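If you check TrEMBL, you get these features:
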type	residues	note
TRANSMEM	6-24	transmembrane segment
TRANSMEM	45-66	transmembrane segment
TRANSMEM	72-91	transmembrane segment
TRANSMEM	100-118	transmembrane segment
TRANSMEM	138-156	transmembrane segment
TRANSMEM	163-182	transmembrane segment
TRANSMEM	202-222	transmembrane segment
TRANSMEM	234-254	transmembrane segment
TRANSMEM	260-283	transmembrane segment
Amino acid sequence: QTQLLGVLLAAASNILMSVSLSIQKCTHLRLVCRTELKPCYKSKLWWCGISLLGLGEVGNFIAYGFAPVALIAPLGCVSVIGSAFISVFFLKKTVRTSDILGGTLAITGTYLLVTFAPNVPQELTARQVQNYLESWPFLVYSILEIIIFCILLYFYKRKAVKHIVVLLMMVALLASLTVIAVKAVSSMITLSAKGNMQLTYSIFYIMIVLMASSCAFQVKFLNQAMHLYEVTEVVPINFVFFTTSAIISGVIFYREFQSAALLSVFMFLFGCLLSFLGVFIIAQNKKEEHLQIHFIDCGHIPGQKLTGKIQPDSHSSCYGTLNKEDDLLESQS
């Protein structure tokens with residue numbers, strides 16, 4: 001029952017985040033279409049979307065205290081499915097065949113994940129978290145992760161390699177630490193709320209610092225990837241990398257599959273594969289919307305006080321050509 005509560009809480013939180021993203025996108029489109037420019041933070045609708053996003057993140061945080069990391073992390077596909085179908089109502093998009101197919105695969109994968117997820121105790125004390133930190137499997141995993149991250153950071157900083165895989169691999173490596181810290185902090189807060197005080201241990205505050213710092217750098221590299229590449233590329237790849245790193249960290253740090261049967265492990269991994277495939281199908285061939293503006297608004301040009309719309313004269317003989325001064329400079333150069 002505790003694990004089911006975590007699953008329902010994570011699913012509801014991801015749906016809230018989908019609604020939030022659609023509301024924010026709708027707000028930006030409305031503001032762009034207005035004649036007077038208005039910052040998004042002055043819109044009540046935008047603040048409504050931000051509030052739902054914060055509520056969804058808090059719900060996801062709490063869910064880690066009730067269910068395994070290997071189960072909560074893949075449920076991020078619910079957000080991708082929700083975004084695809086909620087955008088039909090908010091942004092008036094049409095439902096594609098690929099959306100239905102991808103949604104079906106992702107939902108089937110989610111069902112397998114929930115059914116065959118590891119059933120392990122979720123109430124972790126500060127002593128248990130400290131013992132996990134000092135275990136040799138985690139120490140080996142941490143050393144390997146640090147080495148790989150340093151290599152990727154070297155190529156990113158020194159060689160200026162900003163390939164999407166490099167950026168999102170660094171995000172995934174940081175996300176594995178974030179997930180470990182979130183799970184530990186959430187579990188200790190849950191136990192403290194039940195009367196078993198865990199907040200007096202130093203490991204609790206160490207985990208908070210780890211959670212905050214890894215989140216901050218994660219956002220930095222993810223924003224870089226969003227700036228350089230299309231959202232339709234970033235979302236599915238980031239989902240796959242994040243989920244894989246979260247599952248590996250849950251297996252190594254919290255030993256979530258230690259007593260699981262081989263069939264359960266296979267069906268769980270098959271559910272992950274179906275979820276990954278569904279997310280890629282939903283994201284494929286989905287282009288970003290661009291507002292078509294065919295005029296220049298001089299009222300928004302610095303130093304100009306004109307408010308009229310100026311359209312180039314297409315019947316002019318010089319339309320689409322350089323003027324004489326530009327021709328002269330070009331020939332001299």
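Along the chain as shown, residues are numbered 1 onward.
Each Cβ is built from the backbone N, Cα and C atoms, and glycine gets one as well.
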Would the transmembrane segment (138-156) count as touching the transmembrane segment (234-254), if touching means at least three Cβ pairs under 8 Å and pairs must be 6 or more apart in sequence?
yes
Cβ pairs under 8 Å between the transmembrane segment (163-182) and the transmembrane segment (6-24), at least three:
no
Does the transmembrane segment (100-118) reach the transmembrane segment (72-91) with at least 3 CB pairs under 8 A, where each pair is 6 or more residues apart?
yes
Taking the transmembrane segment (45-66) as reference, which of 72-91, 234-254, 260-283 has the most Cβ pairs under 8 angstroms?
72-91
Other than its close neighbours in sequence, what residues sit by the transmembrane segment (72-91), given a CB gap under 8 Å and a spacing of at least six beyond its ends?
6-7, 10-11, 14-15, 17-19, 21-23, 25-26, 29, 60, 63-64, 99, 102-103, 106-107, 109-110, 113, 179, 235-236, 239, 242-243, 246-247, 250, 271-272, 275, 278-279, 282-283, 289
Tertiary contacts of the transmembrane segment (6-24), defined by C-beta under 8 angstroms and 6+ residue spacing from its ends, are 40, 45-46, 48-53, 55-60, 62-67, 71-72, 75-76, 78-83, 86-87, 89-91, 114, 122
Using a Cβ cut-off of under 8 Å, list the residues of the same chain at least 6 residues beyond the transmembrane segment (260-283) that approach it.
70, 74, 77, 80-81, 84, 98-99, 101-113, 115-118, 232-233, 235-236, 239-240, 243, 247
